[in-house]
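Visitor: In case it helps, TrEMBL gives these features for our protein:
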- 1-86: domain 'Photolyase/cryptochrome alpha/beta' (DOMAIN)
- 199-203, 240-247, 338-340: FAD binding site (BINDING)
- Trp271: site 'Electron transfer via tryptophanyl radical' (SITE)
- Trp325: site 'Electron transfer via tryptophanyl radical' (SITE)
- Trp348: site 'Electron transfer via tryptophanyl radical' (SITE)
Amino acid sequence: IGALRWHFLLQSLEDLQKNLCQLGSCLLVIQGEYESVLRDHVQKWNITQVTLDAEVEPFYKEMDANIRCLGEELGFEVLSLVAHSLYDTKRILDLNGGTPPLTYKRFLHVLSLLGDPEVPVRNLTAEDFERCRPPDLGLDESYKVPLPADLKLPSESLSPWRGGETEGLRRLEQHLIDQGWVTSFTKPRTIPKSLLPSTTGLSPYFSVGCLSVRTFFYRLSNIYAQAKHHSLPPVSLQGQLLWREFFYTVASATPNFTKMAGNPICLQIRWYEDAERLHKWKTAQTGFPWIDAIMTQLRQEGWIHHLARHAVACFLTRGDLWISWEEGMKVFEELLLDADYSINAGNWMWLSASAFFHQYTRIFCPVRFGKRTDPEGQYIRKYLPVLKNFPSKYIYEPWTASEEEQKQAGCIIGQDYPFPMVNHKEASDHNLQLMKQVREEQYR
């Protein structure tokens, strides 16, 4: 986890603590290995029940099993509840007749057999908390929400995203006010630059549990019910929640989901191993302003538009550098506020054409793609100020400007900003042939 996500998580805990205090309850944060923490506190606090979210990530599956064993040993009940997803992925897989392969179309058919997700649990009231008021445990400062300094994090977070349920609900209400926008939302038509945010930006709040995905689903259902027409899955807002559910379901039944080797749904590709090229991509030094601006926003803010994610993922993998999607996934896992085991790995396999997506001839151009929606290059000027004085006709390809024009812009290419690290046309043509060869071999 990178520093920005730690800040977001600590802010979320602070907000939860504040909201619980207003209801006469409190939040206790205990640091340590979960098994030793439970052993220490079950008898000390007379704990009779432990609840946790049912998760698909192997670490949490193992934790769930270990806590059940501890419960039998120490005499407490364990409740593992489906809360982080809309459906119980086991039920979906059972209706599908077992494990994947599972296409999105087939997935939607199975969901139609299940019906709508369970209605969200009602909000607790002050009276509920009064009945469950914790005893005076004689707690000291060690149970408070940690400060960034306690975790040796930089004290300031530069991200414009603030963690917590309060902020998540505010953003939710802000988006649902415009019911016309909600009913007409189609994912491919949104714009991949932060100066014109065109998606909900709720994913970080779902990721750490500040917002209930079911609350969002049912709020959308109510708006759709009142509209004459609305967009439909897979491009609608509800469709985006179902894509999330699709990746959760496939991840829950696929061994080694975050790896290529031993992953039964993933193409086995001999990717290049090139630490220097990977470092240039990660640190926004590719020489392609559109790509570098995206990677700069990712590092500074912890969030980028999904089409921007597509562009940098394609560039790293099948488009230009032919470097494994696993390496890109690790970078996103560290830097994204909304990093998620299932969705992160699923999308990286998709964008590298290793699984799910098979129109591998469609390659994002690192020049033309950004220019279509932002011809003046305002996004680049914001995140790469070294290029801000270039005329618009050069902002996506500053190396094509004359030496005199570069001097006037105050940026010499190759000195103040790097030359492109690859020839996109040559690299993408070569990689396309490699991908055709890989797929033909493996289909045989």
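Positions of Cβ are set from backbone N, Cα and C atoms, glycine also.
Because TrEMBL annotations are produced automatically, they should be read as predictions rather than curated entries.
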Visitor: Taking the Cβ of Trp348 (site 'Electron transfer via tryptophanyl radical') as centre, how many other Cβ atoms lie within 10 Å?
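Guide: Total other Cβ atoms inside 10 Å, all chains included: 25.
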Visitor: Looking at the recorded sites Trp271, Trp325, Trp348, whose Cα is closest in space to that of Gly201 (FAD binding site)?
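Guide: Result for Gly201 (FAD binding site): the nearest of the recorded sites is Trp348.
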Visitor: Given the binding-site residues Ser203, Leu241, Trp243, Glu245, Phe247, state which is nearest to Trp325 (site 'Electron transfer via tryptophanyl radical') when distance is taken between Cα atoms.
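Guide: For Trp325 (site 'Electron transfer via tryptophanyl radical'), the spatially nearest of the binding-site residues is Phe247.
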Visitor: Would you mind checking how many other C-beta atoms are within 10 angstroms of the C-beta on Ala339 (FAD binding site)?
Guide: 20
Visitor: Give me the mean pLDDT over the domain 'Photolyase/cryptochrome alpha/beta' (1-86), rounded to a whole number.
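Guide: Summarising the domain 'Photolyase/cryptochrome alpha/beta' (1-86) by its mean pLDDT gives 93.
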Visitor: I'm trying to understand the geometry here, so how far is the Cα atom of Ala339 (FAD binding site) from the Cα atom of Trp271 (site 'Electron transfer via tryptophanyl radical'), in Å to the nearest whole number?
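Guide: Distance between the two Cα atoms comes out at 24 Å.
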Visitor: Between Leu241, Phe247, which of the binding-site residues has its C-beta surrounded by the fewest other C-beta atoms within 10 Å?
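Guide: Selected from the binding-site residues Leu241, Phe247 on minimum Cβ neighbours within 10 Å: Leu241.
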Visitor: Out of the binding-site residues Ser203, Leu241, Glu245, Phe247, give me the one sitting nearest to Trp271 (site 'Electron transfer via tryptophanyl radical') by CA distance.
Guide: Phe247
Visitor: Taking the Cα atoms as reference points, how far is Ser203 (FAD binding site) from Trp348 (site 'Electron transfer via tryptophanyl radical') in Å?
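Guide: Cα-Cα distance, Ser203 (FAD binding site) to Trp348 (site 'Electron transfer via tryptophanyl radical'): 17 Å.
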Visitor: Cα distance, Trp348 (site 'Electron transfer via tryptophanyl radical') to Glu245 (FAD binding site), nearest Å?
Guide: 16
Visitor: Around the Cβ of Trp271 (site 'Electron transfer via tryptophanyl radical'), how many other Cβ atoms lie within 10 Å? Please give the count over every shown protein chain.
Guide: 19
Visitor: What counts of helix, strand and coil residues does DSSP assign across the domain 'Photolyase/cryptochrome alpha/beta' (1-86)?
Guide: 48 helix, 10 strand, 28 coil
Visitor: So how many other Cβ atoms are close to Glu245 (FAD binding site), meaning within 10 Å of its Cβ?
Guide: 22
